[in-house]
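Remarks on the structure that follows.
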Amino acid sequence: MKDLQLKVLRNEPLSHNTWLMELEGGPVVDLLKPGHFVMMRSWKSLDPLGRRAFAVADATESSFTIMYQVVGRATALLSQVREGEEVSVLAPLGKGLFSTEGDKHLLVGGGIGMAGLTFLGKKLIRMGKEVLVAYGARTKRELALLHWLKREGFEVLLYTEDGSEGKKGSVVDVLDYVDSTWTVHACGPVGMLRAIKNRSAGRRVFLSLEARMACGWGVCLGCVVGKEKGGYARVCYEGPVFEASEVVL
Ligand SMILES: Cc1cc2nc3c(=O)[nH]c(=O)nc-3n(C[C@H](O)[C@H](O)[C@H](O)COP(=O)(O)OP(=O)(O)OC[C@H]3O[C@@H](n4cnc5c(N)ncnc54)[C@H](O)[C@@H]3O)c2cc1C
Ligand code: FES
């Protein structure tokens, strides 16, 4: 893990409340793998307190990208950062990462959780694997990453709860269409992840979890999740990606 000041190369809206920020990669870019996240701050004051966590959504040889939804003060401040300014970044974070084993991979993203799967999807496609992406949200307006996904060449099955785009219903329903030869990777709201876990028997399923995080590197114990075998795991340190059978949701 490195503590860095990195230059923002672009910070632009993808939708009414979702932004894409590309940062210079610095000395961490070669270390980034699908599942890793970063802790970031763009403000110098004590309010908001502490950095905020964001999944690595893409990386090139010289830069990496996050995609974030403006939900509170920290993300609102991030959206005001201009090109050329520097932000403070801890990276890479997380030891539990996605597995690329197997030939067929289903990526299930709920809302902004889709950003936690895009780096994995690009890597799997580069490796020549079969990749199916399912992206769901409450309504069409919330499918903020859709244009980006299409531009990057992903074929995407869409789900909205109100039926305003794609199939009407939950993105979890995509599990009806794949058998146990597919490895499933999911990121999104905890209710969605719980529903996927409940349908994971006989499949390899990896869940990228989110939790409120203070430190991001294992020392504050603020982000723990129960383990099926007893005890707790730190989402930031042992995770953020866990096999569905490992954790209590
Ligand atoms: C490992 C990890 C990866 C993440 N990746 C992304 C990402 O790629 N893109 C993205 O937009 N967001 C991501 N998040 C969530 C992001 O960290 C929060 O949205 C951010 O911290 C909110 O800060 P804020 O000050 O703007 O809002 P706050 O005022 O802190 O929160 C606003 C609202 O969001 C809820 N919230 C905040 N943080 C979380 C959280 N971690 N889990 C569940 N609910 C939360 C709060 O309960 C509150 O209702 C990730 C979180 C984790 C732990
Ligand atoms: S956020 Fe501090 S231990 Fe995980």
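We count from 1, first residue shown onward.
Glycine is treated like the rest: Cβ placed from N, Cα and C.
TrEMBL lists CYS215, CYS220, CYS223, CYS236 with the feature [2Fe-2S] cluster binding site. DSSP assigns CYS215 ([2Fe-2S] cluster binding site) to coil, not to a helix or a strand.
Residues or ranges marked as domain 'FAD-binding FR-type' in TrEMBL: 1-99. Counting residue by residue with DSSP, the domain 'FAD-binding FR-type' (1-99) contains 12 helix, 46 strand, 41 coil.
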Inset, instruction - List the other residues in this chain whose Cβ sits within 8 Å of the Cβ centroid of the [2Fe-2S] cluster site residues CYS215, CYS220, CYS223, CYS236, in sequence order. - result: MET213, ALA214, GLY216, TRP217, GLY218, VAL219, LEU221, GLY222, ARG234, VAL235, TYR237
Legend entry - Residue among the binding-site residues CYS215, CYS220 whose Cβ has the most other Cβ atoms within 10 Å: CYS215
Inset, instruction - Specify the count of other C-beta atoms within 10 Å of the C-beta of CYS236 ([2Fe-2S] cluster binding site). - result: 28
